[in-house]
């Protein structure tokens, strides 16, 4: 007797072909970047074991020396161990920041599948080499510095590649929510990295690096065999990055500005609603491969500079927590290394919730910058409260870590995913998909400068007191918010234009008249005496706005 078809297989068969491949792309890219972050997390867990409190362990069992550093791992056994930890962090992060600006350029010109899987295999190698220093009994600083620099460079292959793959498969409609959920790979990787590293940190800390190295290498090999870069490669429909009803922040619809933007089928990202089956029945000329965008060309895309600089300060805060939170918990709350690592994962749990919440709200409101700005404003006082009352009890600590994680990582997640994909498929590119990886690399590369500065400043400031570290983080949050002010104002003007149309006006291009939507004579007095003066006042206030024409009486 033959068994019925498995439920999972029946589900897969019921799904449309496009949905199956989109799901596969989401899963593979999710696992890929989860393993990237999983391999970065062990250093923050192992720090407390490289320089533990030896006096709590008793006398040196090997001799009668009363040295207070007999259990530390040289060269991190001196009084300058915090500075050396900062040097380790920055060896990775500075190399990552520099490499990221170059990585996007390579990502546009090389097959993404080869680029991503090769980078993951090399990342696994250098992560494992750091841990092998334990088994090889290496005690020279330059070995660990060189390994960190090499690892930072090869890890830049990950982010531009995975964002480009997801951006190639998903349109703009629900991109914030989809990428908010998808971006939880960052926090999931941090959590898994903490738990895996914590399992061996007290017994053989080298395994805290070797095991994550093996994991990322394995996932890289899987991506090599199964990742699909473009929908067209498997005869699937490309996504609609810009639809006829989309509006820019000035309130002008895409179809009003460029009617051809809705009907053209040219380029790798077709904007028509035709399915792959429709394309197969109609002959078409082979489209030329679009040229990859230049670095300066990507900087000219509206919003790239503002979001890049905002991410610099947002990532400064996030990565300071990533690298220094376990040590802060050990020093302030006096937990052990494993307990501190486990507790620090709650910050990443909050990051998952914050990323999803930010994506959902920004999809609903259409205001990516406004969503980021509000969360950054609220994050500043929450960081202050966590430093002063966060260690008053385990319940308070858990709640504050989740809240701070959501508010800090929410904007960071939104900018590096949905915002990067939006800008990389901006309407000014006219469907050229060759900009997505470069734009992503510019935004994340600028953010990585902040990621390098944060742990460095924390290492330099922490000897003067943890309060000063938190003041630095609060200042960075405020600066990140201020840098988005222009984009927030632009989004607010877009909402004002939308409300104007709701009240009976059609907002047109700059310099063209503002005309009443409804020609009902009964409504003209209201439009003439109330709506038009208010809109004229708005025009005088903001200085630049679409042209205005009074409704005829």
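These residue numbers are counts, starting from 1, taken along the chain as shown.
Each residue, glycine too, has its Cβ placed from N, Cα and C.
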Per TrEMBL, the range holding transmembrane segment, considering 273-290, 327-344, 345-362: 345-362
Given ranges 435-457, 504-526, the stretch to which TrEMBL attaches the annotation transmembrane segment: 435-457
Per TrEMBL, the range holding transmembrane segment, considering 243-260, 369-386: 369-386
Local confidence of the prediction over the domain 'Major facilitator superfamily (MFS) profile' (25-493), expressed as mean pLDDT: 79
Other parts of the chain folded back onto the transmembrane segment (21-38), taken as Cβ under 8 Å at six or more residues beyond its ends: 15, 116, 120, 123, 155, 158-159, 162, 165-166, 169-170, 178, 182, 185-186, 188-190, 192-193, 196, 212, 215-216, 219-220, 222-223, 226-228, 231, 234, 236
For the transmembrane segment (469-489), sequence-distant contacts whose Cβ falls under 8 Å of one of its Cβ atoms, 6 or more beyond its ends: 303, 306-307, 309-314, 316-317, 320, 324, 328, 367, 369-370, 372-373, 376-377, 379-380, 383-384, 386-387, 408, 411, 450, 454, 457-458, 461-462
Positions on the same chain near the transmembrane segment (84-107), where near means CB under 8 A and six or more residues out: 40, 43, 47, 50-51, 75-76, 78, 115, 141, 144-145, 148-157, 159-161, 164, 292, 295, 319, 323, 327, 437-442, 444-445, 448-449, 451-452, 455-456, 458-460
Contact between the transmembrane segment (207-228) and the transmembrane segment (114-136) (at least 3 Cβ pairs under 8 Å, separation 6+): yes
The transmembrane segment (345-362) versus listed stretches 142-170, 182-201, 304-325, 435-457: most Cβ pairs under 8 Å: 182-201
Tertiary contacts of the transmembrane segment (398-423) (same chain, 6+ residues out, Cβ under 8 Å): 159, 163, 166-167, 170, 172, 175-176, 179-180, 182-183, 186-187, 301, 303-304, 307, 310-311, 314-315, 317-318, 321, 343-344, 346-351, 353-355, 357-359, 362, 368, 371-372, 375-376, 378-379, 382-383, 385-386, 389-390, 436, 439-440, 443-444, 447, 477, 480
Other parts of the chain folded back onto the transmembrane segment (142-170), taken as Cβ under 8 Å at six or more residues beyond its ends: 21-22, 25-26, 29, 32-33, 36, 39-40, 87-88, 91-96, 98-100, 102-104, 107, 112, 115-116, 118-120, 122-123, 126-127, 129-130, 133, 178-179, 182, 227, 229-231, 238-239, 269, 416-417, 420-421, 424-425, 433, 436-438, 440-441, 444-445
